[in-house]
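Straight from TrEMBL, the features:
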type: TRANSMEM; residues: 43-63; note: transmembrane segment
type: TRANSMEM; residues: 70-92; note: transmembrane segment
type: TRANSMEM; residues: 98-120; note: transmembrane segment
type: TRANSMEM; residues: 132-152; note: transmembrane segment
type: TRANSMEM; residues: 158-176; note: transmembrane segment
């Protein structure tokens, strides 16, 4: 919906850039994990995710009136990715590389799922779910549940554990949508 809004309004007004950037970094990290593990599912999903997030970043950059800060954040992301790649390929021995990368990806994913907690406090204070996205909540629940089940099937704690907070925060957001119904005229 953010991409559609940017294309329709030819503006990035009221759209945050950081979620695009962090999701792209997350996808690229999991893509590396999938490649190292040789897991086609993780590779395919995260390659598509990284491509889409990169498209969102490019569209955001195109419509952003302040290109310099956006470019600096993208360059910072690239520096982090290159540094991470160097760390995991040069400094970490091959026997523990998968575990180190899995732990890194897990911590990053958990932090992404927990980041909306600031919005949740805002919802409780204002008694309004205006700042929450219902479609994003549904998508987060479906995606984190799917990855949790996939991780359980593979007995891979690096896939299973970080997705549980996504399920929990989605359930909390659903409860908030129920408790603080959105204003009339805001469809979800």
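Glycine too: its Cβ is placed from the backbone N, Cα and C atoms.
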Winner by Cβ pairs under 8 Å against the transmembrane segment (98-120), considering only 43-63, 70-92, 132-152, 158-176: 158-176
Range from 43-63, 70-92, 158-176 with the greatest count of C-beta pairs under 8 A to the transmembrane segment (132-152): 158-176
Intrachain residues whose Cβ lies under 8 Å of the transmembrane segment (70-92), provided they are six or more past its termini: 17-18, 21, 24-25, 28-29, 32, 57, 60-61, 64, 100-101, 104
